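Colleague: Sharing a structure below in structure tokens format, with a few things to ask.
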């Protein structure tokens, strides 16, 4: 991983002043590029995970995207993207900076970390990031899934119109009222306080901690294969491919937790869809009513999202784009 600026715990304040700005800038650049490229796939993932048996609107990722474009237009694929673009900078910065921090303090006199210590560092990083991830995912999911629920209601109204003459005009009467992230935030804060934004926190931890435990050690070891010596950075393409492979592997591994998190964080349900009281209740109902394969819904979408997202992030961090621009700033003279 990136060099931790050669600091000790007593100089943690210096880290915040020197290293954190670069982490934030790099995280922002990587996040903006990554989210812009893969957000439509993430939208398809959310809608596929939320649809339940008997209420299927989409058969695949491509089917979901095609229907979304037809019903909501091209920019319908980017519903909720503004939330991600706003919060992805601190999320990525916290995740990668925290991993660097824990790796540094778990190492013994600069020696190579054992696999267990690498996993512990990843665990710490995953735990820290949920501060931003949970409210970001909470808001994003409402906006992403709103189109699916509206389309389902229109379909049900159209079917009702065909089955009876007394419901003439029912299909046209279903009009989607679009809400914004700001409106959702205000309503959650008004009705439930700050914890309203942290609904599904346990499920988010259940997803992100194992993800980081798998991702960071796997990336570090894959990236080392491209290093000619321990003191030389791996080529950018090695960092990119390592990030892609490690990210997609970790994403698929924790997909069952992602399905549970998505279901728990959804505030609105489609027609005749189950509601859940917690992680165990959600797990039980999905297993009983949809079968074990339901926990893999959207797995390939998630792999397609995470792979380039983390590949781009690692390339930006390893190239040190922020450090390059910060070095160009005039130095203060005492």
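Every residue gets a Cβ built from N, Cα and C, even glycine.
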Colleague: In TrEMBL, which of the ranges 279-302, 303-326 has the transmembrane segment annotation?
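Modeller: Spelled out, TrEMBL records transmembrane segment over residues 303-326, not the other listed ranges.
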Colleague: Given 12-39, 40-67, which one carries TrEMBL's transmembrane segment label?
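Modeller: Of 12-39, 40-67, TrEMBL gives transmembrane segment for 12-39.
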Colleague: Mean pLDDT across the repeat 'Solcar' (113-225), rounded to an integer, is what?
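Modeller: The average pLDDT of the model in the repeat 'Solcar' (113-225) works out to 84.
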Colleague: Just give the helix, strand and coil counts over the repeat 'Solcar' (113-225), going by DSSP.
Modeller: 98 helix, 0 strand, 15 coil
Colleague: Tell me the residue counts in helix, strand and coil for the repeat 'Solcar' (234-323), as DSSP assigns them.
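Modeller: Summed over the repeat 'Solcar' (234-323), the classes give 70 helix, 0 strand, 20 coil.
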